[in-house]
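Asks: These came from TrEMBL, pasted as-is:
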TRANSMEM  B:34-52  transmembrane segment
TRANSMEM  B:73-93  transmembrane segment
TRANSMEM  B:99-121  transmembrane segment
TRANSMEM  B:133-156  transmembrane segment
TRANSMEM  B:162-183  transmembrane segment
TRANSMEM  B:195-212  transmembrane segment
DOMAIN    B:208-442  domain 'PABS'
BINDING   B:Gln237, B:Asp311, B:Asp345, B:Ala346  S-methyl-5'-thioadenosine binding site
BINDING   B:His267, B:Asp291  spermidine binding site
ACT_SITE  B:Asp363  active site, proton acceptor
Amino acid sequence: MKRRDFLLLSAGMLAGCTLPPRLAIHRYAPGMAEGHALRDRKALPAPSAELHTDVLILGSGIAGLTAGWRLAQQGYQDFLLLSGPEPHGNASAAHLAGTDCPRGAHYLPIPGMAATQVRELLAEMGVIERGAGTPAPYYDERSLVHAPEERLYQNGQWHSGLLQPGNADENAQIKRFFALVDQLKQKRGSDGKRIFEIPSALASQDPQWRALDRITFDAWLDREGYTSPQLRWYLDYACRDDFGATSARTSAWAGLHYFCSRDGRAANADNDAVLTWPGGLNPLARYMQQRIGAARALPGLAARVSERQGKVETLVWQPQQQRMLRIHARRVICAMPLHVAIHVVEGMGALGFDAQTHMPPHAPWLVSNFAFDHFPSEAHGVPLAWDNVVYGSRSLGYVVATHQLIRAARPEQTVFTAYHALADNTPEAARRWLQQASDDDLYQLAATDLAAVYGWKLWQNAAQVEITVRGHAMASPTPGFLSNTGLAALRACDGPIQFAHSDLSGFSIFEEAAWWGDAAARRILRA
Amino acid sequence: MDRILVLSVFVVASCGLAYELIAGALTSYLLGDSVLQFSSIIGCYLFAMGVGSHLSKYVKEERTLAAFVEIELLVGLIGGLSATVLFLVFAWASAPFRSVMYALVFCIGVLVGMEIPLVMRVMNARQAEFKELVSRVLTFDYLGALAVSLLFPLVLAPKLGMARTGLLFGVLNAAVAMWTCWAFRRDIPQLAGKLGRAGLVLLALLTAFAFSDKLTTLAEKGLFGDDVIHAETTRYQRMVVTRWHDDLRLYLNGNLQFSSRDEHRYHEALVHPVLASLPWAKRVLVLGGGDGLALREILRYPNIEHVTLVDLDPAMTTLFSTAPMLTALNKGSLKDKRATVVNADAAQWLEGNAETFDAIIIDFPDPTNFALGKLYSVPMYRLVQRHLAEHGLAVVQSTSPYFAPKSYWCIDATLREVGFNTWPYHAYVPSFGEWGFILFSKTPNYQPPEHYALPMRFLDADSTRLMFQFPADMRRVQVEPNRLNSQSLVHYFEEDWHNVLR
């Protein structure tokens, strides 16, 4: 090697230290291969074993787990819980860099008085320490989000809270919007029920308010004169965060529901506090799983569900044993998302659900866990919070998995979980893009906010990234979703096959899933 | 003529090595870990010299002498001021220190690397025989290095200090430049300009030399007021021990932790109201207190069989169990047979341990940020509750009830929220002012001691009685307990001290 080459090479190496080296990207698409095989009607192997049970729950997401938890709690013995392709579904977690971190949902707002079964669960777990039946129970502080809760990156600085004051007109609009929210929180419809309630099944049926579902949230905001860019960005962010859809596609009823339904309080936290754990909502799922017991847990996924003479026959594929099981049950709780159910459950049309007209749109999401060897150094302003959001971004910011640890010193390693709903396109177009996207494409999208905030420090500090691709992550409440007759029919199913999933509400939050799981279990217990 | 050049090689070589030694010594002095500092600095410096030697070939033949003079002036200026600049940077902020340091070392290295090749070319142009030339230049190069390597540690560093040693060598470099200018005045274009610049550089360096005492005071003593006898940036904090006459002081992240003049007041007040009331106590837990001073007081009780001390920072407990001046102060408590030192994050250790203790002494840093605030929270005290014997007593240092009343009473409210009975008290510690503690237990029957079996320097029956009384200007204020969701304590603490320091 000549000296000149050597110098060039070493100069190149020095420069190379500041260029992005390849980060280990792990792409994880739970249930995709299995789901697409069902959709494509691949031939199923013949069953090689038979099993009998009284009740079979299909799916171990929050709806299925809540159903199983309730049955077990009430001493119901004869049931099985099928894991589905991804145990715990949207409440699943990964373990990276010495900490649990969410692969899906990461927080639960303090439940209000109407979400009785959620409060009951939390009290049983000890998360509510006392006063579960009172308006403001006393919570275990370790699970309440620790200060600082959230911050916003704007103009190269971090600010506390997600809405920054703007000019006088903007501030007036922001004030007006939240005054309306406070007013609507208390408001009751002609039937005496709260207009916006969680669970939504208990909300008022007053047609005057449900008419909000006929227009988009954007149309409503325009009509009401909410033009402030700060406020509009924030409201759009909220829609993408909770529903996976922009405010231009979200139903006005749903957009307001996000803000006006929450009325939970805690004796020992602010009213807007949330419950969170390093693994997101996974500890809740794990608790219910443990209450159900290992003996009732069955790995595998349902391939076909058919009603035969008032009983239900389910074909279950167990990939580990490479075998097909035929399970005979008196009743089945179908706790899987509806876009899967239509390929599994025979005769959905006869139950009143037509896939073409009634299927709610399912938004695709990326949940990306960035494992860090060191905490990156921070820009000026408010210190690292639990939830960190970038103003104006089309992404949804990131949460810090180790935030809830009680430590004087930061741990050596941590995980930042970045959320991104592919909401800027139709779900179908976004899924087509995901199908052909390279790892680098996914990475670019997943790292949008982290790259904006940390720049090259991201390369220096991040060790690996796991990108969970959820092609059909959640149902989005688009205008008209409240009058979806197909969903209404499935909610009312009380035969050998019944349904339990947040899809039945038309939007995906823990409390809705828990409500439908609990409702299914109660129907069985009542019988 | 050549003799002048060879002599300048000697000076130049000694200056070059001097800057390298100064950077290495200064950095290991300020950052610790001297092997790493010296190796990385020497590596960076030698590499930069290589780059300099390479660059020297781009100097045109007719400009070699002029370039040599310019480079000498630059080395003199940058090298001479490097130590002073590093001190100042370090005093302002330790974060960019490394970057500035390596940048300086690299610059000086590049310039020094160009010197010898240029001198050789000048001599070569004067028709010196090659073998003669190489042998003479390199001989004096190495001799200069030898001279400095002996002078630096034995004479210069102790007598002049880093900053002035650097400036001295800067002056030498500038002097070589001037001398060369003068000696080769016929061969150097724009002589007057060069001489003028050399004069300016010399003036700058001499002025800095005259005021260097003031500058280093600004940088070093200005921070702490006294001589720094140990300074170290650990993974967790910046630790500085200073001394002024017989007063030893420990600063963590710039906050005074104790002064040896009055620490006995603080530590007697922290430990004895608990332990003098527990003659049956056998096992004690100390959280924080890595200086071993509370431990020293605890070990005075013969009934104490075992003490576990949990402190985050191994550098802290190592320093206080090895440095003679500090072990004299804590009476070697950290090495005592009855003591076990654990380096762990307190909550993490409490979460993973099931032992109970008759007494728990909590001596954490003040709640200046959200991470430290968690150590004073409801869940933290719940953890403490699990480890405290049914009739045991615990105490927590709780900031000042006079300067930070909201913070102080917030800690009290937090302990009550957990269900503890509390007995707040305070003592006057001259270097802190009026300081507060809160004694707490699961049972409601505690009486402050009315006499002490052990001899005390500060505590007696009267002072103890007064400690538990709160005059009107330190009365309880109504505040929220420190919940993790709001971390009110961190906000109170900020407010309180903002009011004091305004």
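Every residue, even glycine, has its Cβ placed from backbone N, Cα and C.
What TrEMBL says about a protein is an automatic prediction, not a curated fact.
I would like each feature placed in context: is it buried or exposed, what are its neighbours, and how far apart are things?
Replies: Note on the transmembrane segment (B:73-93): residues 12, 15-16, 18-19, 22-23, 26-27, 30, 100-101, 104-105, 107-108, 111-112, 115, 162-163, 165-174, 177, 194, 197-198, 201, 204-205, 208, 212, 215-216, 218-220, 222-223 of its chain, located 6 or more positions outside it, place their CB under 8 angstroms from a CB of the stretch.
A Cβ distance under 8 Å defines the sequence-distant neighbours of the transmembrane segment (B:162-183), meaning residues of its chain 6+ beyond its ends; these are 1, 4-5, 8, 11-12, 14-15, 18-19, 22, 25-26, 29, 65, 68-70, 72-73, 75-77, 79-84, 87, 152, 156, 191, 194-195, 198-199, 201-202, 205-206, 208-209, 212, 215-216.
In the three-state DSSP assignment, the secondary structure recorded for B:Ala346 (S-methyl-5'-thioadenosine binding site) is helix. Neighbour density for B:Ala346 (S-methyl-5'-thioadenosine binding site): within 10 A of its CB lie 25 other CB atoms from the protein chains shown.
Listed in sequence order, B:Leu250, B:Gln257, B:Phe258, B:Met316, B:Phe320, B:Leu326, B:Asn330 are the same-chain residues six or more apart from B:Asp291 (spermidine binding site) with CB atoms under 8 A from its CB.
If you take the C-beta of B:Asp363 (active site, proton acceptor) and look for same-chain residues 6 or more apart in sequence within under 8 angstroms, you find B:Leu270, B:Val286, B:Leu287, B:Gly288, B:Gly289, B:Ala294, B:Val396, B:Gln397.
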Asks: Same-chain Cβ contacts of the transmembrane segment (B:133-156) under 8 Å, 6 or more residues past its ends?
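Replies: Result: 2, 6-7, 9-18, 21-22, 116, 119-120, 123-124, 165, 168.
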Asks: With Cβ-Cβ distance below 8 Å and at least 6 positions apart along the chain, what are the contacts of B:Asp345 (S-methyl-5'-thioadenosine binding site)? List them in sequence order.
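Replies: Same-chain residues close to B:Asp345 (S-methyl-5'-thioadenosine binding site) (Cβ under 8 Å, separated by 6 or more) are B:Leu312.
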Asks: In sequence order, which same-chain residues at least six apart have a C-beta under 8 angstroms from B:Asp311 (S-methyl-5'-thioadenosine binding site)?
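Replies: Those within reach of B:Asp311 (S-methyl-5'-thioadenosine binding site), by Cβ under 8 Å and sequence separation of 6 or more, are B:Gly288, B:Gly289, B:Gly290, B:Thr317, B:Val341, B:Val342, B:Asn343.
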Asks: Counting other Cβ atoms within 10 Å of each Cβ, which of the binding-site residues B:Gln237, B:His267 scores lowest?
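Replies: Lowest Cβ count within 10 Å among the binding-site residues (B:Gln237, B:His267) is B:Gln237.
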Asks: In whole Å, how far is B:His267 (spermidine binding site) from B:Gln237 (S-methyl-5'-thioadenosine binding site) when you measure between their Cα atoms?
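Replies: Between the Cα atoms of B:Gln237 (S-methyl-5'-thioadenosine binding site) and B:His267 (spermidine binding site), the distance comes to 22 Å.
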Asks: To the nearest whole angstrom, state the Cα distance for the pair B:His267 (spermidine binding site) and B:Ala346 (S-methyl-5'-thioadenosine binding site).
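Replies: Cα-Cα distance, B:His267 (spermidine binding site) to B:Ala346 (S-methyl-5'-thioadenosine binding site): 20 Å.
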Asks: Residues of the same chain, at least six outside the transmembrane segment (B:195-212), with any C-beta under 8 angstroms of its C-beta?
Replies: 69, 73, 76-77, 80-81, 84, 161, 163-164, 167-168, 170-171, 174-175, 177-178, 181-182
Asks: Which of B:Gln237, B:Asp291, B:Asp311, B:Asp345, B:Ala346, B:Asp363 (recorded positions) reach within a Cβ distance of under 8 Å of chain A?
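Replies: Near chain A: B:Asp345, B:Ala346.
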